[in-house]
């Protein structure tokens, strides 16, 4: 059942994402993004239904996959925004600037709880606002605890019902039990999910005076962050007049503008705005105006009058409104505004408004600028799935071969060497597991990473796949970040030959250090061309090497194979991201041979080279780190 339900949705979601990468009008893009979000929401409901029995059995599996925190919460709020717009409720989203964006965790489950809480808040609020706020703090090495707060000005919860809010319920319950989107999975499920996410859930409420729900969860920092646009240099030190009466919206957007190093004049009172509008000399000092405005008929006339005054002195005027109506947006633009933004204001929407027609293209060009010079094999019996994964892979690697069943895959593997194989499990003729076993018997692919592509999200299935010999797995519908992470995790470091052109900092760093074991351009590439991140990752690796060396030596002496595998695997991942290809190569080889079952005696030469490479990296790093610190 899982396979039959997920497969068509995989096609809908995947190809919608592919079309979104093509040139589109704003209306087309908005409609396609709505399709993508709605299909994703439907998929999450299907997942809830399929997983419901697993909760009671204690077998629910929490994923650990890369995701963008801001992108995930912005998607969630964008999906719910139309419900708030219909009631003319202010909807705001604030993500603390101190929170890391690229994390490893279960984005789907996090969004599921967030959708439940935010949807409930909108449902039970008739006037006022629903404000979502994300804060967090470090709780361990590379581990963050994040708190999501959803505050509303709704009807509140009667005190006599508060004690039973997280108890079992039914759709017919007449109490104010905040149900989840019609599926019957409400706060009880959200509570269980929060616990599975290593967090908790709670609330405060006063009848007639609104409610504040919150939940917490833990995530790891992603050592290989997804590529993201840097702070736009073209906005640095530009001046913007920002008017927004609603406090939470004003704070959230002001933080985004400040992160872009813009000079912001932020006002909250209509009287203040009127004074500035009357001061023509002061108006002329602004490059942009961003105005939060109501969209009632009377207010719309006021907005058009305001635009006519502002546009005489400010070149780019942007209105933020509680509506996603294309006709309303067109009317506002026709009156002289540069753009009209639907609330809640998200970072991507705001950037696209202030720098038109650059965000999607720039993001896409970053992702495809440097394809890896490798050939991979994709195997799937579903034509749509195969076409999709082929298209996604070709954005990241230079060559892809495809097979429609396990038998074709085995035949291809007899004659050609692939860097990585992505294998569907349920296929006719020859299934993925049987194909894996036959491929492993061939000398060309004894050690080739083979990654299972499965619709089954349950833990016992994944454990079984790993025991059978798959290196890893990704879940349908395939996420580009997961695919990207898998390729970089399992690709032989020696095959990553493409390098970006060195920038000025790179040239200075490499000119000042004679480091034979360190590839700084590679480190930058893995860090998405972010020098600070690359430096942090490299220094983190260097600082961990003495302890890693000692622990591995101790495991060798005690002949603890399982401990060795775990330590080598962890170090292999760190090397992959930190620009030490020689150490990465020997570490990768050791991990591969240990998985094959070679004895420690047979691996003695590799371990000798391994320890030698650690010493060489530490030797080179002494001067190299000093140079980095001076940059």
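Keep in mind that glycine also has a Cβ here, set from the backbone N, Cα and C atoms.
Note that the structure is predicted; figures quoted are calculated from it, not measured.
Copied from TrEMBL, the annotated features are:
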- 1-221: domain 'Histidine kinase' (DOMAIN)
- 375-491: domain 'Response regulatory' (DOMAIN)
- 424: 4-aspartylphosphate (MOD_RES)
- 530-631: domain 'HPt' (DOMAIN)
- 569: phosphohistidine (MOD_RES)
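Per-residue confidence over the domain 'Histidine kinase' (1-221) averages 82 (mean pLDDT, predicted model). Remark: secondary structure over the domain 'Response regulatory' (375-491) totals 55 helix, 26 strand, 36 coil, with classes taken from DSSP. The DSSP breakdown of the domain 'HPt' (530-631), given as helix, strand and coil counts, is 86 helix, 0 strand, 16 coil.
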